[in-house]
Amino acid sequence: MNQDTICAIATAQGGAIGSIRVSGPEAITITGRIFTPAKSGKLLSEQKPYTLTFGRIYNGEEMIDEVLVSLFRAPHSYTGEDSTEITCHGSSYILQQVMQLLIKNGCRMAQPGEYTQRAFLNGKMDLSQAEAVADLIASSSAATHRLALSQMRGGFSKELTTLREKLLNFTSMIELELDFSEEDVEFADRSALRRLADEIEEVIARLANSFSVGNVIKNGVPVAIIGETNAGKSTLLNVLLNEDKAIVSDIHGTTRDVIEDTVNIGGITFRFIDTAGIRETSDTIESLGIERTFQKLDQAEIVLWMIDSADAISQLTLLSDKILPRCEHKQLILVFNKVELINETQKNELASQFSEHIGSEIESIFISAKQRLHTDELQQRLVAAAHLPTVTQNDVIVTNVRHYEALTRALDAIHRVQEGLDANISGDFLSQDIRECIFHLSDIAGEVTNDMVLQNIFAHFCIGK
């Protein structure tokens, strides 16, 4: 393990307060070289751990700032190493001066994610918990925050530990039987092993299946805004995002490519996708945009079909022939836009005609994106259509693609064990599949993960974490 002492700014620029983290075998010594306690007369190394000490940072005779230094001794720190945290004023000049002094006295600049990587390598957390730290930092909704917190606190890790213990018990019984194969003694009751395999399979399957919900919670519910040209799709996107993300124009075919962005509505992250308007065109670029429109439609969980209320009937054929067949397993909401251009009688007639033509079970709403009429109600409809479960900090839901892939491979291995037990195959073949299952579960926790995978994971962290 690298024994360098590292330092990094842990706070964003522009705040009133700044924080610098120092970790490694010389963290306390190096910090003590530039820090002078204000009152106690004790050196920093003589201070009690888990305390704050007020004092000053000096560059020779020149005072840089008045600061607070917190002291942590190994192994009782975030990284498991001796650590200090210097809290100073948030001036970028002050922060850079302190960093230069630390580096001059023996620190080196930390790499992205190096603090959390050291915590993992020092056994302070497993790899799934380390990844949860990054998820917690990136959390943008109550649900993503709760899931990241649950995983960081070890909820997922406990499930994995329990599974591995059961699998190790399983394989030990099988291998004990192999050791005494010449004695014709059966140590492992096959029916009991089948019940244990079923129990393990049920837990792994539950965790793997939870990814469909976890992925949506983490990355946002994909909502495709679809419709003919000039139906008001880009205007609606700007209203939902509360910013001018998309260009709005009366010219048909203005949007030629997909525009995506996320926003939190009612505690749920939605990923809105504005698409090119659907129409017959000879323009090659616009045609490619329309192809992408249908690709995004297929990927969406919720589809908003935007309709120009003043020209709605002409869209019935397109809706029936091309849109409805693709939305069989999706939440489709018909959004009649530009409602200010029609009267109440016309509005009722439109609702009746569409209901008669495509069925009354499809949800619809009349809005004016330009005038922001009933857009709040549309947001409420989106929250209801998301159908996401209420998430608590005790829930174990998989949100990480790497974890999902490992669980899928573990599930395949345990399925082979079940099939092998049913076929009464030799214990040595069963043992191979059990060990493969253990391997994939251990990979999630980082017990068998190679260095390249670790570097890729921690490279996505910020410098100060």
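Each Cβ is built from the backbone N, Cα and C atoms, and glycine gets one as well.
Taken verbatim from Swiss-Prot:
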- R21, E85, K124, K465: (6S)-5-formyl-5,6,7,8-tetrahydrofolate binding site (BINDING)
- N230, S249, I251, T254: K(+) binding site (BINDING)
- 230-235, 249-255, 274-277: GTP binding site (BINDING)
- S234, T255: Mg(2+) binding site (BINDING)
- 220-387: domain 'TrmE-type G' (DOMAIN)
Distance [Cα-Cα, Å, rounded] between E85 ((6S)-5-formyl-5,6,7,8-tetrahydrofolate binding site) and N230 (K(+) binding site): 56
Residue from N230, K233, S234, A276 whose C-alpha is spatially nearest that of R21 ((6S)-5-formyl-5,6,7,8-tetrahydrofolate binding site), among the binding-site residues: S234
Local confidence of the prediction over the domain 'TrmE-type G' (220-387), expressed as mean pLDDT: 81
Rounded Cα separation (Å) that holds between S234 (Mg(2+) binding site) and A276 (GTP binding site): 9
Sparsest Cβ surroundings (other CB atoms within 10 Å) among the binding-site residues R21, K124, K233: K124
Cβ-Cβ neighbours of N230 (K(+) binding site) (radius 10 Å): 23
Inter-residue Cα distance where the pair is K124 ((6S)-5-formyl-5,6,7,8-tetrahydrofolate binding site) and K233 (GTP binding site), in Å: 49
